[in-house]
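Enquirer: Pulled from Swiss-Prot, these are the listed features:
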- 1-22: signal peptide (SIGNAL)
- ASN58: N-linked glycosylation site (CARBOHYD)
- ASN85: N-linked glycosylation site (CARBOHYD)
- ASN165: N-linked glycosylation site (CARBOHYD)
- ASN226: N-linked glycosylation site (CARBOHYD)
- ASN245: N-linked glycosylation site (CARBOHYD)
Amino acid sequence: MKSNKTIFLILLFLINFNSIYSFNFKKEIKISNDKINLPTYNPWIFQDRFNLYSILINSTNIPVFGEDNSNNCLHGLQLQFEWQNRSGRLEINQGHVNTKSWWGDMNYYLSIIPYLSAMKMGLVPVVEIVSINDQRFCSTYEDCDQEVLNNWDNFFQQIINIRNNGSEGDDQQLLKFMWTAHIGSIDKATKLFTDSLLLLPKNELRFGNGWAHFVDVIATVNFNTNYSTVYHLGQQLPPIMLNSNDTHPSSIESFTKEQRNVVLTMYEINDLSSNNLVWNSFMYLLKKMTKNEICRNLINNEINIFLNSPVPTIIEILFDILTNNC
């Protein structure tokens, strides 16, 4: 009897032990497996970062972007990244983007940050982003700058709202949210990566800084960064990095006339932006004038003409519009 009672108590203990502990054990295994099975992307491998762009673009298609999604304003980010690679600006070695590349560093805030935001909003698949030992390159939503993320959250929320409402969407409204997020990313990245900017050759630095400020100009007029527009622009951009001898773009024989004009324009914008008072006054006037629809369309038209067939006098043209025509 005593033996049977002992066996019974042992069995009862084992049953209770199993019910109490095995569930938690299985849960731990499940969580562990989920983490193991997450697709992993290394943002410092060019193809991985490029693929994240593709996922992001394909996952944000809405009617206003067209049946082929070519009007999606996120195409511009991927096409720019492709140009940066093609022109050697990512300083790729065996498929890896150089972590000291200013262009690659800046692009991180226009690729990984938007993806983490879209992932948080449930628009794209959950993935694991490989991190490096540098806190400037956050790899989880929680670790990233919340103000920068909030701007992207607002943009992606617009896409979610359009889908939920079953409407086509307003591309101008979407562009406003996209540009707010875009400028927020650039402003944050510009402050973080002055060290890698200073590693660039003098004239590449002038070009890069001018380019970053030119984005402020095209954002003001709600420029559409869809596939066809940015693809065409990519043909006008310098195909290689600039060196210390490229002070005068007209002397760069391997560049087309349009490419020389783009470089010259970015040099001018760099020089203009070096004087904060002058640049801030210019941007203030530009933003003020673009509130007028006629002025905004006029300025937008000139910028589109420039991007399709660059001329070396776009800044003078804009100043003329701002001071005389509006």
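Positions of Cβ are set from backbone N, Cα and C atoms, glycine also.
I would like each feature placed in context: is it buried or exposed, what are its neighbours, and how far apart are things?
Expert: Within 10 Å of the C-beta of ASN58 (N-linked glycosylation site) there are 12 other C-beta atoms, taking all protein chains into account.
Sequence-distant neighbours of ASN85 (N-linked glycosylation site) (same chain, 6+ residues apart, CB-CB distance under 8 A): PHE46, ILE92.
Note on ASN165 (N-linked glycosylation site): other Cβ atoms within 10 Å of its Cβ, all shown chains, come to 9. DSSP classifies ASN165 (N-linked glycosylation site) as helix under the three-state reduction.
According to its DSSP assignment, ASN226 (N-linked glycosylation site) is coil. Sequence-distant neighbours of ASN226 (N-linked glycosylation site) (same chain, six or more apart, CB under 8 Å from its CB) are PHE65, SER70, ASN71, ASN72, CYS73, HIS75, GLY76, listed in sequence order.
A simple way to gauge crowding: the CB of ASN245 (N-linked glycosylation site) has 11 other CB atoms within 10 angstroms, across all the protein chains here.
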Enquirer: By the DSSP assignment reduced to helix, strand and coil, which category contains ASN245 (N-linked glycosylation site)?
Expert: coil
Enquirer: Determine, to the nearest whole angstrom, how far the Cα atom of ASN245 (N-linked glycosylation site) is from the Cα atom of ASN58 (N-linked glycosylation site).
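Expert: About 42 Å separates the two Cα atoms.
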Enquirer: Pop the Cα-Cα gap between ASN165 (N-linked glycosylation site) and ASN58 (N-linked glycosylation site) into the table, whole Å please.
Expert: 20
Enquirer: Please state whether DSSP places ASN58 (N-linked glycosylation site) in a helix, a strand or coil.
Expert: helix
